[in-house]
Structure formats: structure tokens, C-alpha cells
């Protein structure tokens, strides 16, 4: 049974095997026949489309691949690929989300693409003419499969073989290219299909010139950004510096304004001092008038009384007043023995000062204009900075340097104006001290031109003084003290200034009273300056006469103090000799009165008395006060024996000391000037 079963199985297996072989042989014959038919149809179609290349086997394989691609895209198998079929193929098979660009590249103006159109498009493509090196470069850069480079070079695959890579061909990819990885085969197919249909990829179309231009553009952009950053920082620093300079100009302007206010205040105080001096001189003149009235009263009492003792007492008092007047005259002559500047020189110096002030004001106005220009430039830059591109525009323009230059120029001009103001004040103060009269305070340039008889056309047009002032920050460091010019004079000049400020008929004091004659009024000022007095000799001669009168009586006066010997001791100056003779004559007149009281028997025509009277002018009328009487009245005002006059004199001296003129009877004691501004103590 077993053997039979086995034999049956063997027979059955043999029958089945024979039947299978026969079936497979029939199928292979059919396939071979169909393949042969398809190959024949493909060759015929290829020869119809491109007859010159129909005998090339490689071109036939490429055409067959292109035909397979067209068949893959032609869903309805009508022989043409329309717009919808290509769009669907791009979206589904190639996975393009936005196939608009690819779609327009594939179709162009032809909406239906046939196999012939697709083959002609492939032949006209740049990829068709690629060499082996270009295909290898495409494989490395675009497909990113550099491990198959050697295989491609061995097979010498050029651009003509690109369609065979775009279709699914296991023999080509697996056997020929030896790609075992399925993902690599699929990736190569898709990239090749895209290249065949739409041309070379964009990555392979770049040129090095564009890359170089891109790099250069990036470098230029980075450099421009860095340059803009540097310029922005520089402009900010420059703006800070300019704003600092502008603030310095503001401080300088404020400092100059403060200095000008101090100067105006000093001038006002100086005018106040002058007014006080005028009031003081008026008060002194009133005291002199009271002293004259007192002397006149004493004289009337002496003349009107019949009591000899009263008359002798009054005469002694008058002699004491004469002695005191001579002493005061000595001091006044010593104080007036210095040089006096001519009065015309004061007007010329005042005119010179006003002309210099005009030029200073012109220079100061120019400095103010420069400051205003600098301020306007700074304001413009501030406004530009507030705009969108203001900082960049300011950084690349020359306005910053121009404004900086204007600020520095204005600052230098203000420094020059400050130095000129400082030097001018100091110089005119020294000139006022040396000359002994006022120059800065004057009636004005028009009054001076009229007083000096100058043609006004020579002076030109005057400029008004500006209302405000500017100054550099150097004024903050100015340590000079503004001192009243007349308060800095020497002791001899103070008395001369006081004499000039008084009225002509009262300002000369006892000197004019003692020298009241026609010949004295005709003397020129230069004669008085040239002839120096000798007060010690005059006082010494007068003292001898007075001592002789008071000690030995009238006879010893006639014998010991002869007028001839006294005249020999008088000074050489004619003017001062006249002064001394007038004072001495008055003393002799009083001695004669004593002689008449003490010795009535003495004849009035004594030769000694006549000789003494021959050296003096004729006595004045009783109703008219004589010059000697005026001298006695002037000196009696300063005599402390009158109580109420002494109190007024002390008050006047205190007022005089309060304005800075410290008077002292001793000519050797130094008089200190009044400082209107005191230097502030630095903390």
C-alpha cells in the first residue's frame, strides 16, 4: 500500500509539474510577443518623432523613459497631458504645495502636452547637454548622495541618461547603480523627474559673481552700520561739548551782567559821595560865614566900646586869630604846593574817555552779535536732533563744526571785551589819581565837543550803549577791586579836588582872602605852579612880629620887629610875598591899635609906624570888609575857641571820614582811599 501510494503521488507531482511548465512557457511566449510588439511600436514612434536619433540605443532608452513619464502623467490615456492632470501630478506625486511656478514652466503657452512635445522640451533643456562632471555635481549638491559619485563616473552617466533615472526601474537602480536603500532610490527618482520636467535646479544656477556681490554687500552694510554708530557717538560727544561751551557762554553773560550791575552800583555810590561832599562844602561855607559874622561882631564890639581893657582884650583875640590864620595858611600852602593839571586837560581827557567808550561799545556789540549767531546755530542743531533722522544728518554735516567754531569765536571775543573793560577801568582810575579830577563822570561827549569848540563832524555818529552785557567765564575769576578813582588820590590831591568842587568865590578859602588884589587875579595858573611857596619863612617872620607885640608892648614892636627886617624874611614868590605882607600888615595894624591903647602919648606919625604902613596897601573902608578881614573870618571859622563852630567842625570832620577821606593835620600821615567794592572773602 505504501509503495502504491508513493507511486501515485509521484505521478501526480509529475503531471502538475509538466502542466506548470507548459503554462509558464505559454505566458513567456505571450509576454515576449507583447514586449516585442511594444518595442516595435516605441521604435516606430521614436523614428517618427526624431529620425536622426532613432538608431541610437541610449536615445531609445531615454525616449522610452520620457514616454513612461508622459504615460504616468496622462491619467485619461488620451495621449495629451492637460492642465488639470499636470496640476494633480505635481500636487500628489511631487508633493508641491504651490505648483504655480512649476506649472507655468511646464506648460508655457501650450495647454496640452504630448509625448512629442515632452521629448522636444527635454532635448532643448540645459540638462540634456550636461557632462558627466555636471551630473556628478548635481548628484552631490542637489540630490545629496555623494556616496554614488564613483558609480556614476564608472557608468559615464551624462545628461542624456537623466530620464532613465526619473522612472521606476529596479534593474537600473538596483543592479546597475547598486542602490540597496529604498529611500535613496526614491529620492534619486524624484530629483531626476523634477530636473527632466522643469530644468536644472536653482541651486545649480548660482554664479560666483552674485555670491561675491552678496558678500561685498554684507560687508558694506556692516561697515555702514559701524560707521553710523561711530558717527552717532561722535556727534553726541560733540553735541555735549558744544552744549557745555554754550552753558559757559550763558554763565559768562550772567557774570558780565552782574559785573555791570556792580559797576552801576559803584557809580551811584560815587555820585552819592560827591553829593555828600557838596553838602559838606556848603556846610563848611556856612560855618565860614558864621565865623565872619562873629569876627565882625567882635570888631564892632572893639570899635564901639570905650573901655580900654575890653578893646585890648578884643585886639589880643584878633591877634590870636591872625596867628591861627597864618598857621592854617601855612598848612594850606603846603597842601597846595603840588602840581596842578590845567583845567583844559580835564575836558580833553574826558573827551578821550568818551571816544574810547564808543569804540569799546562797538567791539562789545560785535561780540554780542557773534554770541547771538552761536545761540541760533545751537538752537537749530537742537531742533534737528528732535527729528527722525536728525542725529544722523547732524553727524554727516559740517554744521556741528561751524557752530563749535562760532561758539569759540564768540567766547574769544567776549574774553577780549572783558580784558578791555578791566584794562580801561584800571587805566582811567590811575589817570584820575594822577590828575586829581574826574574823568569817567563827565557831562557827555556832546557837551565836551561844544565846550572844546570841536567840529562835530570829526567825532562821527555816537552809538547808544547796549542795554545788556555779556562776558566770558573769565569774569568769575576777576579779583580786582573797583575803587572810586577820586578816593584813591594822594593827600595833596584830595584837598585840590575839594577846592575844585567848591564855588569860585568860596572854594579858594583863605588863600583868595589873603591875596585879594588885582595883580593876584592876573597871575596865570602856570606861574602858581612854577613858584613854590615858602611858608616856614613867612610864619617865622609873622611869629617874630606877634611875639614882639604881645610880650614887650608897642615900643618893643616898633623897635624889635621892624617891617624892613620882616620883609627881608618873606619868600621870593611875588604872590606869596603879597599874601604874607597882607597878613603881616593886618597884624601890625592890630599892634598899632594896642599901641594907641597902651601909649596914647605916642605920636601917630612915628617913622617906624609909617615905615611899617608903607609896605601895606591902604586900609579899606569901614563899611567894606577887607581881604584881611575875610581871612580872619575864614580862619576864625576853624578856631576851636567858638563852641558851636567847634562842634560843627567836628561833625563835618566825622562826615568827611565816613566817605573815605581821612583828614589829618600832619602832612606826613598817609590817607587811605575809600574802597567802594571790597573783595569778598573766599570760603
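Every residue gets a Cβ built from N, Cα and C, even glycine.
From the options 464-472, 473-481, 536-544, the stretch Swiss-Prot describes as region 'Contributes to fast Ca(2+)-dependent inactivation of CRAC channels' is 473-481. As annotated in Swiss-Prot, N-linked glycosylation site applies, among 169, 656, to 169. Neighbour density at the Cβ, taken as the number of other Cβ atoms within 10 Å, is lowest among the binding-site residues 74, 76 for 76.
For the topological domain 'Cytoplasmic' (233-683), the model's pLDDT averages out at 62.
Summary of the Ca(2+) site environment: with the site residues 74, 76, 78, 80, 85 set aside, the chain residues having Cβ atoms within 8 Å of the Cβ mean position are 73, 75, 77, 79, 81, 82.
In this view, residue 85 (Ca(2+) binding site) is surrounded by 17 other Cβ atoms within 10 Å of its Cβ, with every protein chain counted. Its Cβ placed at the centre, residue 80 (Ca(2+) binding site) has 17 other Cβ atoms within 10 Å.
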